[in-house]
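Features as listed in Swiss-Prot:
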type: SITE; residues: 46; note: site 'Part of a proton relay during catalysis'
type: BINDING; residues: 47, 205; note: pyruvate binding site
type: SITE; residues: 109; note: site 'Part of a proton relay during catalysis'
type: ACT_SITE; residues: 135; note: active site, proton donor/acceptor
type: ACT_SITE; residues: 163; note: active site, schiff-base intermediate with substrate
């Protein structure tokens, strides 16, 4: 099975206007990603405020994505839930709508055992024949995959990748040593993208590429083309932006940054709130200093 989980994947924000999906802004955001040739987009993940979407909004967002992208790049949906039956419902809807794969984290809040995590993903795998990427974000979910659980899950035919949002630089090497060769590991942490690539990672699921897809794509292309020094120089230049986009809980800062650049309204759903004045000031300063434009 072809592995779609690789390269630069943008974890897209979800724009709102008057507390409804702003599909006009969403089309503009998607077209920017297509223009700058990112390798795939992730819809309705953490950055996309998936927890705040109704099931109908979720399906509409995916349907709109499929129509706009029109097979020009893979679309990955977020199917995380602490209710296994609902996660399956999200996955089945994703398949029916026409996305290319989905990502899911271990169930949050309920703190399942490793066996429970395995059974959750086994149920997802049996219910839907889309390719699956595991999502490791323990600061959000409260639990994480053990290396042994990743190994067990990687033996299921359609579980093809792991998104690792941590900073344990040994982990990619440990996982690479035990899983099948075509199982991909991607980083979901912008600040350590090159450090993780040096440890065997072959993809970047980025928040920053919402507002700087061209720069992020160039950075990763330099790395893949063995221009290590060029990639390091770009990465160093972007470090202040990475940090600014995590001054407060994601996606609060990136939603404001997108608004500042004219991509969407600065509207975010509770329990998240708008960026503080201090964060806004820092974000504007860094965007200006880097001459980022859409």
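Yeah, the Cβs are placed from backbone N, Cα and C, and that goes for glycine too.
Neighbour counts of Cβ atoms within 10 Å were compared for the recorded positions 109, 135, and the top value is held by 135. Same-chain residues at least 6 positions away in sequence with a Cβ under 8 Å from that of residue 46 (site 'Part of a proton relay during catalysis') are, in sequence order, 11, 78, 137, 140, 250, 251.
Between the CA atoms of the residue listed as 'active site, schiff-base intermediate with substrate' and the residue listed as 'active site, proton donor/acceptor' there is a gap of 5 Å, rounded to the nearest whole number. Cα-Cα distance from residue 109 (site 'Part of a proton relay during catalysis') to residue 47 (pyruvate binding site): 19 Å (rounded to the nearest whole number). Taking CA atoms as the reference points, residue 135 (active site, proton donor/acceptor) and residue 205 (pyruvate binding site) are 11 Å apart. All protein chains included, residue 163 (active site, schiff-base intermediate with substrate) registers 28 other Cβ atoms within 10 Å of its own Cβ.
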